Amino acid sequence: MAAEADEENCEALYVAGYLALYSKDEGELNITPEIVRSALPPTSKIPINIDHRKDCVVGEVIAIIEDIRGPFFLGIVRCPQLHAVLFEAAHSNFFGNRDSVLSPLERALYLVTNYLPSVSLSSKRLSPNEIPDGNFFTHVALCVVGRRVGTVVNYDCTPESSIEPFRVLSMESKARLLSLVKDYAGLNKVWKVSEDKLAKVLLSTAVNNMLLRDRWDVVAKRRREAGIMGHVYLQASTGYGLARITNVNGVESKLPNAGVINATFHPGGPIYDLALGVGESNEDCEKTVPHLKVTQLCRNDSDMASVAGNASNISPQPPSGVPTGGEFVLIPTAYYSQLLTGQTKNPQVSIGAPNNGQYIVGPYGSPHPPAFPPNTGGYGCPPGHFGGPYGFPGYPPPNRLEMQMSAFMNALAAERGIDLQTPCVNFPDKTDVRRPGKRDFKSMDQRELDSFYSGESQMDGEFPSNIYFPGEPTYITHRRRRVSPSYWQRRHRVSNGQHEELAGVVAKLQQEVTELKSQNGTQMPLSHHTNIPEGTRDPRISILLKQLQSVSGLCSSQNTTSTPHTDTVGQDVNAVEASSKAPLIQGSTADDADMFANQMMVGRC
């Protein structure tokens, strides 16, 4: 255990925060404005202990006031043993590269703020319809996470700086607290606790909260509920040590690159150093970091040039654990931005002046010349246009309005907690650019689909045979198309209909021949049959007769040379054959029906 702490060198730490928020808690934790008004002012001093241990008192409450959001307190913590135990338990790399520039008071503020960031109010349990008195508030305990909402506190070295980060606290409440501090008589009081007991209490606090899920996320949420912004020492992050944490405008972020110096510059506001993850005012940064010179934003071109000249002389110390073998150079972001801002103004070069700058040779086959003059504003970028004195001046630098708008948007996003790197999702889905060139089968009727699949759209005469689709090669239109089932069904219906029609004509012809024969009663020579008028005959019969006459000659010649055959058909068939072989009378004309029947009978051979 460390030696006995020096009580004279132990400075006081001031702690401030809300003890509760109205209408935020439920059950016995809820505190109403009527209860607070009845309990104020307290009749006795209210102690400040650790984790509700009454034998581990490290400070005292200076004042409690009623704010519109809830009871707000300001207290003092001065315990040399607490500083000694925390200093001995902290790792040597806990403060990173700021270990040599931080004072003992600042180290104590970092350790206490991050180890005990919240408070828990212990009050008297009230019975139903009981009105509280001045003994309602029992004590205030420093802890990791309190049960009530918005109970994260802020530690600092002065009363004014401890209540300053509470932006929602009214100015009247702040003035009343500061007036009560002047009347407080215990500013030089010291509270002593055994180091062994204090070490056990601190260890018990860590053990009892180690299973709390996402405790730093809960602390960050409670801090935002309390309205704390611009705080200095609270690091609500899961990273180990202060070198892995950044804190910009009260918004935490988890960054894996520990130990890299990276500062964010805000005009007239604090500077947040990524190497330490804390925010300090411009004056404090100049005092604590001698190798960094804090400058305000440039207001004109002469200021930009002066800032660029000063930034070129900056030689920051590399942090511990970072290789410095010439692989890279560590430059704070704020001064790198100022350096780029000072170099955006293009120099006025007279025509014909010699160019002694560096020339860069482009790759083989590049459309640009092998060498073009350097441009500090657009180095590493392709040439923008050809209208400058050299021909390739690069992209024009942004004007002052664009810079101001960019700074305004960044500040607005940081205030509202908006991540500008997150891609936007509030946009419509991308439309298919190839959709107009695709085939639209839904708008086609069945005939179009059949003609398209079969490739025989010329049969109906309404659609072209070679359908062309935009964007499709010519040879694709002539490829074999897939034939739909409806096409074959239609072809089958057409062929069956033709056969049925022919069979009907033949049946009608046979019926007509039978009727003519029945009128005469007996078989007569063909010359005695009367001719049937042309108007009463089916025109399709004449067409079929002409087609059969061309075939009858061949069939008759074959019958004359062939041997006679024995026909076992009935008497009607023999009669028809006899009539067909009867000689024609000279000068008579044969009837078309008889000729057709004769040819049909001859065709049977």
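Using the three backbone atoms N, Cα and C, a Cβ is placed for every residue, glycine included.
Look at Swiss-Prot and you will find His52 (among others) tagged as active site, charge relay system. In the three-state DSSP classification, His52 (active site, charge relay system) falls within coil. Within the same chain, residues at least 6 positions away in sequence whose Cβ sits under 8 Å from that of His52 (active site, charge relay system) are Ser120, Ser122, His139, Ala141, Cys143.
Residues or ranges marked as active site, charge relay system by Swiss-Prot: Ser120 (among others).
The active site, charge relay system annotation in Swiss-Prot covers His139 (among others). Secondary structure at His139 (active site, charge relay system), taken from DSSP and collapsed to helix, strand or coil, is strand.
The region 'Interaction with pAP' feature in Swiss-Prot is assigned to 326-344.
Residues or ranges marked as region 'Interaction with major capsid protein' in Swiss-Prot (evidence: sequence analysis): 585-605.
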Q.
Let me check the 10 A CB neighbour count of His139 (active site, charge relay system). How many other CB atoms are there?
A. 19
Q. CB neighbours of Ser120 (active site, charge relay system) within 10 A?
A. 18
